[in-house]
Structure formats: structure tokens, C-alpha cells
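What follows is a set of notes on a single structure, which appears directly below.
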Amino acid sequence: MSAQQPLTHFTRLFLRRWPWLLAGTLLTLATLLANLGLLALSGWFITATALAGLGLIVGLDIYVPGGGIRFFAVSRTVSRYGERLVTHEATFRLLADIRCWLFARLARQDPLTLGRLRGGDLLNRLTADIEALDNLYIRVLGPTAAAGLAGLATLGLLGWVDGRLALVALALLLAGALLTWTATRRGRRSGERMSHLQPRFRAVIIEGVRGLAELRVYGGGERQRRLIGRHGRAWSQLQRRMAHLTGLGNALNGLFGQLALLAALVLGLWLHQQGLITGPQWVLALFAFMALTEALAPLPLAFQFLGRTRSAAERLLAQAEHPARVVSPATPAAMPGRFDLTLKAVRYGYHAGRPVLADFSLRIPQGSHLAITGPSGLGKTTLLKLLARLDDPWSGQILVGDTPLHTLPLEAWHGRVGMLEQHAPVFSDTVAGNLRVAAPQADEARLWQALAVAGLDTRVRAMPEGLETWLGESGATLSGGEARRLALARVVLHDPDIVLLDEPAAGLDGASARALAGRLHEWLQGRTAVIVSHDPGWLPPVDRVLDWSRPDGVTNL
């Protein structure tokens, strides 16, 4: 993929909001033209009135130029306000579109692929990388287009005064373009390094905070501090380099502007002495150069950070287009009439040559309830992931009835399966919003029924606003056990035919776990269920228990 393709992709995505982009660009152009008109006309008018006062000009009309000055002054204020309002609104809408675009693609990727991303890296892509793209429109595309059109207008105005002044302005435009190109080249490497360093820096900090207790227990705090300090120094060094480039760009931009103004001053004086232009026209040209310099000033800084924007776009596009490990077949088989699950000589693991399940076979008849117990690391959770088809086995077969699982339509299969994973996410949303992730159209009665099965209804009724209570950092908080029961309520609300529960009683005391077992036993009637647990003491009545802690792997009936 070339370096320009990611930016081109997001530019096409931006075009969906073309009315906002066009309005923002036109208002930016209107602001620059109003500033040009105000400075140029004011310079001309002040000079003309001074000469009229000296008796060098006879019959000066002060009303039309005065009205023009007031028009440009008001227009500049109004257009500047409108430009800020519209461009920021457009930017917010664009960032919202990108977030929806990215989330839609992440949702289609398998959890194992997403799980390989470090927390700080994924957080950086969802926040900093997306926010870096606001530079593309609000600082690059819009201002560049407006500055280019304003430059053409300035060339036309100066060409009307005298073509030689327009050539000086053209030289200023070329110098501005050269400075912008240089800023892009010089800032690209540092911007890309900043873009790559930021997620690593954030990941190191997040991991240090999350593992603070372990670092204290095992004496790793000093090493973590040195690691954070090393990343912090590298980040500060890059920031200083970008600040130096910014200062140099501003200095050169000012220098080019002053040199162009000096050239216009000398050339205009000569033209005036030759009688080719009037004094007011000479001053008009000088103020037009000042306005042109102001229009070009923001561009080097914006393009200096283009490397960082490009790197962010590359990472977002690479993540969004990452090939899924598990996909629906091109020609899916029909869903079978029965959901008997059969595993035949299944081999699977997370590292090549190190299978977690080796030649594993099992049959789970439709409607039966199976419990699997044993210590961690034996493949209990892995088995659930394979049954849910979050990944495919290395070898062997998983059959649904007589149909291979990998030939079934993936979305239809996920619609039949409900899985409670070990990680129980709680979204920053209301209780009802968290539940309706599983069933968007569910009414309140269904929500309360699901909470009752999970044993969380009493807790939610005690909350200030019940189902509408906000959860997360700015709202109510849930304990680990309550978060798992909220996730279990989502599974209940999904109403699946096949239920896969990974440690549903984690975080519960003995009495609460036994109460949960009774409710699960009632709800699971008529469904196929596989329950994984370290503790067999709380389990609801099941048809059989596989105790994987036993070396002979005997099935307890």
C-alpha cells in the first residue's frame, strides 16, 4: 500500500459530508478574501484621503470606499465566526463517521485477533489515531484550498494594479509552497515516530497501572518506572524536534513575507515614480501582500504534522482491513434440523506445535447439559471458543448434526449461540443500554426477566434510576461478580439454542452461587448447555460432568 492511499481512502470517506466541507471551505475563503479586501481597500482609502487633504487629489468619493471597508470588516467577522462553527461541526461529524466506520469493521473481526492488540495500542487507535485525522480537513484540505483560491484572487488584484507586482506575489506563493513542501519532508519522520511511539508509551503506562499490585509484590516497580521514563524522554525529544521545526517554519514564513513586502515596496516605488501606478494603488498592493502572507502562514505547520496524520491513517486502515480468521463460506450450507454437537479428533492451540486440545473427541446431544471442571490451562475455555466458532481447529472436525460447523453461515450460527466469556465488559451506558446490546428491541419486561435469571434484578431496582441508571466512570459501578451477572443477563436476553458459560459463578459467594445454579437449571431447560467451572460444588444439575483434573479423563455420570 502506498503512503498516499490511506489518506486518499479517508478523503473519499470525508466526501460523504461534502456539503459541510464545501461550506467550511467557502467560509474560510470568504474570511481570507474579506481580510484581503479590508487591508487593501483600507490602505488605498487612507492614502487617497491623505493625498486629497494635501490637495493632490480632487473629487475623492469617500462613501463607496467607506461602505466597502465597513462591508469587509463585518464580513470578515461574520465569516470567521461561521468558518469556526462550520469547520468544527464538520470535523466532529467526520470523526464520528470514522469511529462508526472503524467500530463496524472491528465488530466483524474475531476476538482472538483483537485480543492480540495491547490495551494501550487499541485505545490509541480508537482515540488518538482517529483524532489525528482532524488535521486532514481542518488544517490541510480546507485551508490549502482556501489559500490557493485567495492567492489567485490576490494575483488578479495585483495584476490589475501592475503585472510586475503580480509576479512578485507569484514568487511569494512559490516560496510558500516550497516552505510547505520542506516542512512536510522534515516533519514526516518525526511525525511518524510520534505516531508509532504514542501507543507504546500509552500501553506501558496502562499496563503499569493495571499491574501495580503485582509490580509491588514482585519488586518490578523500579523497572516499570525506568521503562516509562525511557518512553517519556523519547516522546519529549520528538516534541522538542517538532517544536524546533515549527519555530523554523514560522521564522522562514515571516522572512519570505517580509522579503516579498520589501520587493513590492521597492518595485511599487519605482512604478509610482514612473507614473505607472498611483500612490493609493501602491499602498493597496503592499497591504495585499500582507494579507497573502497571513493566508499562507498556517500551511507549513499543518503539513509538518502530515506524517503523523498519514501514519494514523495507515494504522486505522490496516486494522480495519485485517483479514478475519473466521469467515462465512462463500456457499454456506443450510442450518441443520438438530443441533447435536460432535467433535472428532480436534487439534487446536495458540502457538504452532503446542496444541491445547490434541485429538480431542466429544459428543454433546441436543438439549443435554454438560459441565467441564478442572484447573486452568487445560483447554476448557478453548473448547467453548471452538464451539462458538470464534476460531477454527487446526485439524479434525466439529459437526452440527451431520453438517461441518465451518460450512454454516457464521452470522446465523452466532445467532443460535450465546456465550458468557471470562471477560465481562460493561459499557459506558445505562443498564438497559448494556442489556440491549444482545436484543435491541427488547422491552422492559424482558430486561427484568433476564436480570432475574442472572440474579441482578434486586441490585438494579435499588439503583437511583433503575434500568436507566448510567454505568461506568461517570455513573454507578459494578463489582466483578455483578459485571459477570450483567453479561449473563445479556446471554439470557439473546435467547440462544446453545448456551456456553465460562465461570458464570465467578465472584459470587457460596449461597449466591447456589441460588444462581437453581435459576440457571430452570432457564436451561430445552437448551443445549456447556458450563465451565473450576469449582464443581455450585454447579446446577447436569447430565454429565467432565473432570479434566483427573489424569485418566474419566467422565463422571
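Glycine too: its Cβ is placed from the backbone N, Cα and C atoms.
Just so you know, TrEMBL annotations never went through curation; they're auto-generated.
As annotated by TrEMBL, domain 'ABC transmembrane type-1' applies to 22-308.
If you look up TrEMBL, you'll see 341-557 marked as domain 'ABC transporter'.
Feature annotation from TrEMBL assigns transmembrane segment to 20-38 (among others).
Under the heading transmembrane segment, TrEMBL lists 44-64 (among others).
As annotated by TrEMBL, transmembrane segment applies to 136-159 (among others). Within the same chain, residues 7, 10-11, 14, 21, 24-25, 28-29, 31-33, 36, 40, 87-88, 90-91, 94, 165-166, 168-170, 173, 284-285, 288, 291-292, 295-296, 298-299, 301-303, 305-306, 309, 313 sit at least 6 positions outside the transmembrane segment (136-159) and bring their C-beta atoms closer than 8 Å to a C-beta of that stretch.
For the transmembrane segment (165-184), the residues of the chain that approach it from at least six positions outside its boundaries are 151, 154-156, 158-159, 245, 249, 252-253, 256-257, 260, 263-264, 267-268, 271, 285, 288-289, 292-293, 296, 299-301, 303-304, 306-307, judged by C-beta separation under 8 angstroms. According to TrEMBL, the transmembrane segment annotation covers 165-184 (among others).
Summarising the annotation, TrEMBL assigns transmembrane segment to 248-270 (among others). Sequence-distant contacts of the transmembrane segment (248-270), counting only residues of its own chain at least 6 positions beyond either end whose CB sits under 8 Å from a CB of the stretch, comprise 164-165, 168-169, 171-172, 175-176, 179, 183, 277, 282, 285-286, 289-290, 292-293, 296-297, 300-301, 304.
Feature annotation from TrEMBL assigns transmembrane segment to 282-306 (among others).
In this model, the domain 'ABC transporter' (341-557) carries an average pLDDT of 88.
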